[in-house]
Amino acid sequence: MEEEADTGVPSRVERKALQKAKILQRETERKIFRLVGKVLKKPESERSEEEAAVLLLHRGTVEELCKRQVRRNVLKRKQEEVFDEADELRSKVRQLAAAVKQAKHLVVYTGAGISTAASIPDYRGPNGVWTLLQKGRSISSSDLSKAEPTLTHMCVRTLHKEKLLQHVVSQNCDGLHLRSGLPRHALSELHGNMFIEVCTSCSPVKEYVRLFDVTERTSLHHHMTGRRCSHCGSELRDTIVHFGERGTLEQPLNWKGAAEAAETANVILCLGTSLKVLKKYACLWCMNKPASKRPKLYIVNLQWTPKDDLAALKINGKCDDVMRLLMEELNIQVPGYDRAKDPVFSLAVPLRQEEVDSHTREVIAHLDVQEDCVPDSGEQAEEATAVQGGWFGRGYGKGRKKKKKKAA
């Protein structure tokens, strides 16, 4: 004991006593926070003298709880969807139309908000994937290959065809830009494409476009699809970049095309994206340039984004509504989606005979085939409940971590 005192090292008993004191202190602080919080919930006129004294005694706790409430209110406001009035919306779209006409190099950044009209949920909206998971609610997985390009997808494709738009950078994995007819050289799918699997053993990387969602067996850090390369026999992998992963594939990610487009852009139009992920990619925002020489930013989104203060114009409206008005202002007709002309059919590589049963996902079929093979409602319901996993099922890290914590 004397040696421990001489060396300045506390004894085992002292260490345990110190640890116990810290635990008791934390417990006392929690009780004070609960007590003060309970008092603060009451209207000031209904508080007793005793409760008022508690607030005076614990002023530091009151300030901390008030700060927390302010932060919660700010976060709540950021998650709220805001809609511009009809007249204001038209006025803003006219400004956007003028910017599109004058743009020398227009680049469009798209997020999940452009696909909600195709019944694909977004991530941070009121009923988005992350929003529901944060509330502890479960989400239902569905076969997203049933979705078709929306009006916004077709408008974007038409703007490119009219040479008003040079490049599209998308966070979406649903493949709808490709299916709308947008050329692949004008598209960067930063987080992959659910219809594409690749062989990374081949050089160059060999690509297989399929008519079904290839991610049925894949998830975060597990990308092998179970099928094999017809050239070298190696196992194929999906192209999805999950939350927390870094994408390394050249295609369909096309980071080179995205960075070059951003570098030469003088106008960037963001459609249906919260920009919470895209904001982290400095190369997409020309941050190495002086602020005055960066491209003008136009944002179409119902919720707050971290780039709102930097935008030349923020439009609070649904993407389809805004794009419909924009194309009217530009006097450009937009063709509807035609399944018969869907490029995925000409790009698709058929499965080999031994691979026909390698998946259970619904296959995109031509209209004539689809009409001949319509299952009854009972079969459809059975298939819908059987679908699980993949990039929009068990494949995102946030949901998996939360479930593990709850189970613990």
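One-based numbering along the chain as shown.
Using the three backbone atoms N, Cα and C, a Cβ is placed for every residue, glycine included.
Positions annotated as coiled coil by TrEMBL: 72-106. Residues or ranges marked as domain 'Deacetylase sirtuin-type' by TrEMBL: 86-333. What TrEMBL lists as active site, proton acceptor is H191. Sequence annotations record features per position, and here TrEMBL assigns Zn(2+) binding site to C199, C202, C229, C232.
When the binding-site residues C199, C202, C229, C232 are scored by other C-beta atoms within 10 Å, C199 scores highest.
Excluding C199, C202, C229, C232 themselves, the residues of that chain whose CB lies within 8 A of the CB mean position for the Zn(2+) site are, in sequence, T200, S201, K206, S230, H231, G233, S234, L236. In the shown protein chains, 20 other C-beta atoms lie within 10 A of the C-beta of H191 (active site, proton acceptor). Mean pLDDT of the predicted structure over the domain 'Deacetylase sirtuin-type' (86-333): 89. C232 (Zn(2+) binding site) sits 26 Å from H191 (active site, proton acceptor), taking the Cα positions as reference. In this structure the alpha carbons, written CA, of the residue listed as 'active site, proton acceptor' and C229 (Zn(2+) binding site) are 22 Å apart.
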